[in-house]
Amino acid sequence: MFDLPKIEKAVKMILEAIGEDPNREGLEETPARVARMYQEIFAGLGEDPEEHLGKTFSEEHEEMVIVKDIRLFSMCEHHLIPFIGKAHVCYIPRNGNVTGLSKLARLVNGYARRPQLQERLTKQIADAIMKRLNPYGVVVVVEAEHLCMSMRGVRSPGARTVTSAVRGIFKKNEASRAEAMSLIMKS
């Protein structure tokens with residue numbers, strides 16, 4: 001799927017365009033390293049993250065399940081600069097249909113490892129859980145620092161963006177949503 005020689009050629013052209021010598025010591029292997037790095041950090045493009053939710057377990061549990069602080073990194077599709085943060089995922093299983101906790105982390109990372117927008121990432125995670133697990137409801141909160149804001153433009157290091165996606169009972173029931181959000185945001 002990845003055209004590594006094409007990526008190498010593009011990186012070499014960028015180095016030349018900024019006035020660097022891509023053949024000098026220290027840079028001569030950079031195009032190949034960047035190509036391999038892109039293959040790794042964009043690995044989510046070659047998978048369907050929803051498939052991680054394919055295996056479920058029957059468990060008599062119809063209360064909140066929350067996995068907090070799922071570390072993530074992604075690449076802002078506007079600047080191809082990383083955003084780094086964490087996702088918090090909460091759902092209420094329906095009919096005891098639960099998934100493995102690690103599957104939620106795999107889902108998050110599958111969607112994060114591609115050119116992405118934080119808003120879309122948050123929505124994709126919530127929608128995949130609703131589709132594959134059919135829970136009573138889902139809340140997803142993503143907090144991240146965007147290096148495109150930290151390193152360039154406004155240059156505001158440490159600023160965090162928080163996005164949320166709320167589905168099912170959490171959208172309809174204010175008390176349930178408030179409980180989920182308080183548990184998610186509690187340190």
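Note: Cβ is positioned from N, Cα and C throughout, glycine not excepted.
Per Swiss-Prot, the feature Zn(2+) binding site maps to Cys76, His79, Cys148; the stated evidence is sequence analysis.
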Taking the Cβ of Cys148 (Zn(2+) binding site) as reference, which residues of that chain separated by at least 6 in sequence fall under 8 Å from it?
Cys76, His78, His79, Ile81, Phe83
If you take the centroid of the Cβ atoms of Cys76, His79, Cys148, the listed Zn(2+) site, which other residues of that chain have their Cβ within 8 Å of it?
Met75, Glu77, His78, Leu80, Ile81, Phe83, His146, Leu147, Met149, Arg152
